[in-house]
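Colleague: As listed in TrEMBL for this protein:
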type	residues	note
DOMAIN	7-382	domain 'Major facilitator superfamily (MFS) profile'
TRANSMEM	12-32	transmembrane segment
TRANSMEM	38-57	transmembrane segment
TRANSMEM	69-90	transmembrane segment
TRANSMEM	96-119	transmembrane segment
TRANSMEM	131-156	transmembrane segment
TRANSMEM	162-182	transmembrane segment
TRANSMEM	203-227	transmembrane segment
TRANSMEM	239-260	transmembrane segment
TRANSMEM	272-290	transmembrane segment
TRANSMEM	296-315	transmembrane segment
TRANSMEM	327-346	transmembrane segment
TRANSMEM	358-379	transmembrane segment
């Protein structure tokens, strides 16, 4: 048990570091727009390029982990992501910046499915939920703190300050081998039970769960991409404060994921996903319609509720694809997220054509669509089913 916990903690630390880099580009978009004179669409393409690249690669990496037992040398993702983000502020060419964004996404894509498959291999039924949550929360915290670190770096040194963000990744690349026990670096091996479960399966359930995740990811990434600019301009606060508010929203989402995962174990994953998505709508409207503390409270509650459904749908994806933890993780953490990244482009078009306020208001559409699609996912109702059966009796 201690070896398993140590391995998962090491993977969680790695998840923290690799996910620090994911929200950096959205966090510095206001400076990039001001420096280069880009439109919202052009700026949004950098975020979309990162997310789409990651989405295309993660399922393939997960498939290799499940079917071929291929393990990615873990220092490699940290080196790629940290270097590409670190040099971002020194590049003036948009095509080169786009390449750097895609390469940073490549580093993230190498880490996530392999690490998640390793967590699945290291855990047992009785401790899988708890240890998996430790791994997921590490990434959530990194994603939440990324905008703050980016804001502090560019606030002090301009875009060149992003070079300092390369330090955690470079350190992790050198130290990860010492943090992860030797058995944690072995190729992923499928158990006999997993091998038997790896036969043909229906694609409809996972396709619909991925659809729910993609619609939610549209709302998440468009919010992360454009909220710093919106808060900076509309609420008249400095960039560091704006990014701090977005990070607090993401931290609220971290708490929400733990709460949501626990509640879904008791009341059902399908039930919680639907109710969590629906419940996130009123707080976001409150944020857009008010200002001051009430607006901030709405933003935090929105983050708590919307993000609380994330780990729940990842679990749903793994449960409808038994024996394929890596592929399911790649689809939910990669394809669904990247497909949602396309929505950032749509939101950018709306912002250019109308206003940033209008672009944020239309994020209610994918959230509501995701909630409705959840109702039709071929996944069993838990508490709703029990209530219906008890009522029939």
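Glycine too: its Cβ is placed from the backbone N, Cα and C atoms.
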Colleague: Roughly where does the domain 'Major facilitator superfamily (MFS) profile' (7-382) sit in mean pLDDT, to the nearest integer?
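Modeller: That region's mean pLDDT is 85.
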Colleague: Does the transmembrane segment (203-227) reach the transmembrane segment (296-315), going by 3 or more CB pairs under 8 Å (6 or more apart in sequence)?
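Modeller: Output yes: the transmembrane segment (203-227) sits against the transmembrane segment (296-315).
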Colleague: May I ask for the residues of the chain that lie six or more residues beyond the transmembrane segment (38-57) and have a Cβ under 8 Å from a Cβ within it?
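Modeller: Counting only partners 6 or more residues beyond its ends, the transmembrane segment (38-57) has Cβ contacts under 8 Å with 22, 25-26, 29, 32, 94, 97-98, 101-102, 104-106, 108-110, 112, 217, 221, 225-226, 334-342, 344-345, 347-349, 351-352, 356, 359.
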